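Summarising the annotation, TrEMBL assigns transmembrane segment to A:40-61, A:81-106, A:112-129, A:141-159, A:182-203, A:224-246, A:266-287, A:317-341, A:347-365, A:386-404.
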Amino acid sequence: MKRLFAIALGILTAIGGFVDIGDLVTNAQVGARFGLSLGWVVVVGVVGICVFAEMSGRIAAVSGRATFDLVRERLGPRVGLLNLAGSLAVTLLTFIAEIGGVALALELVTSVHYLLWVPLVAVLVWLVLWRAKFSLMENVLGLLGLSLIVFGVALWQLHPDWGHLSSQMAAADKPLGESWTLYAYFAVALFGAAMTPYEVFFFSSGGVEERWTTKDISTMRANVFIGFPLGGLLSLFIAAAAATVYQPLGISVETLGEVGLPVAVGLGKIGLAIAIVGFVAATFGAACETGLSAGYSVAQYVGWQWGKYVKPRVAGAFHLSLVLFTVLAAGVLMTMVHPILVTEFSVVFSAVALPLTYFPILVVANDPDYLGEHTNGRVANALGTVYLVLVGVAAIAAIPLMVLTKMGTA
Amino acid sequence: MRRAVAVLLALSFLLTPFAGCTVSHPDGSAWRDQARQTLDDVASEVATASLVLEQLNGGRLPSSYGITMAVAAEEAASTAEEKLSSVQAPASLGGVPRKVLALIGRATEAVRKAREAVVAEHYDVSRLLRELDRLRTALDEQRAAL
């Protein structure tokens, strides 16, 4: 019974914790502009993050070692350092976007400019990273993030043309008047939003922190294979709600307020209040996860003591890095760079940085020295190889597409 | 040869900061592209302002949320307008740029009025809603005509 409860809780938090500021903004932007014609990318991205997370979770459970520990060992200190620099830059970019996302959500409730919220949010994030228990942080914020299901209920209340939405998703074709370059740019952005590298750093490091063993592999798989796809369904709800309300009016999504407005149209104030709880939980949870992931990455590479279970005076350097990253994130936001712009950059650069950690994890997942009998099977390897190609293509295409489309505005 | 390359590199490095200080003067086709984008952006903000007012009037949106959205719509419309008006339109386009900028100016003004109504909590503004609707149609038509 206890085990069943643990599995159910893990699945629910995986659903609620799946969506972050990148998913919220990118799915609403794509839905408003392309309807559900890019919905297939969400499906591809969700399968990809399942493959990636399952491999790294299995590695953590069997070897007891987290991503950057292995990256340094497999690639050597120099290449490992380049790898760390790229991945850390993207994780920090996402961290900045998440803190900005929480501040934007609070601005919607209070009408107080988000910049005034940034220092407070940064302090709160740091306090949670410093004091709160790992399970409390993961479970409370993950469960509150489930309130984003309200997008599904709002979609139902908006009475969309289900046939039209289904045919858009099935046809996977660009709408009239849009170019294939733009379609490809937003496909890469959606892929990056679904397969954000920090999710895997956090997932595998969390596994090491919670001392997973081979006995935990089945629970981990249930979380990944049930929780993540259902989390992906929330992304599709957000896109479909935006498509239903905004596409006929020609409205493009540029603010977090516009992400939530379809819920108000469908369900009114109570629905919107639930959506805002979901925004705060999703972005605050992701801010904690990205902040920790940044600290984990550096500590694992350098070989410091790390982890929320380790007392701050034992893991001093790790905890100091969390403080520095939080100050840096708040400082960047205080320069008035807009969080939505940072979000748009972070999802595209996530796609660019993905191969840096995906490839070493795929290699280690096939190495019996680390995994013994738990190396990748045929299906895992086939999927792993297909996604290696997809991740590579997205990484190569991301920056040229960003330039060609002027970040999706051309 | 090396010296010449070094001088060229140094010159381009020194002159780069001044590149943004000149007035942009694109040719007719580039101006039309930029104008179409601006018309699109402003039409989106007009539609957003209208939708926010409707939701506030129907009691489906809290006023703080509406204010944040209306302010953002006004800022975005004004930024788009300023960006296009700072571009030197080519003489070959005759009176078209003036007409486009006037329409965008009217639309931005209507979005400003919508923001004022939202902040003042005067949501029953059917005349303003009709004006926003007319302007959105006009912006779309102008975009198609360019």
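Residue 1 is the first one shown; counting continues down the chain.
Cβ from N, Cα, C; glycine included.
Non-local neighbours of the transmembrane segment (A:347-365) in the same chain are 22, 25-26, 52, 55-56, 58-59, 67, 70-71, 74-75, 83, 86-87, 89-90, 93-94, 188-193, 195-197, 200-201, 371, 375-376, 380, 384-385, 387-388, 391-392, 394-395, 398-399, 402, 407; each lies 6+ residues outside the stretch with a CB under 8 Å from one of its CB atoms. When each of A:40-61, A:112-129, A:182-203, A:266-287, A:386-404 is checked for Cβ pairs under 8 Å to the transmembrane segment (A:224-246), A:40-61 comes out on top. Taking Cβ pairs closer than 8 Å, the transmembrane segment (A:40-61) reaches residues 27, 67, 70, 169, 172, 187, 190-191, 193-196, 199-200, 203-205, 207-208, 212-214, 216-217, 220-221, 224-225, 228-229, 231-232, 235-236, 239, 358, 361-362, 364-365, 370-371, 374, 376, 380, 383-384, 387, 390-391 in its own chain, all 6 or more past its ends. At the 8 Å Cβ threshold, with sequence separation of at least 6, the transmembrane segment (A:182-203) comes into contact with the transmembrane segment (A:81-106) through 3 or more pairs. Long-range contacts of the transmembrane segment (A:317-341) within the same chain, counting only residues at least 6 positions beyond its ends with a Cβ under 8 Å from a Cβ of the stretch, are 21, 25, 92, 95-97, 99-101, 103-104, 114-115, 118-119, 121-122, 125-126, 129-130, 254-256, 291-292, 294-295, 298-299, 302, 304-307, 310.
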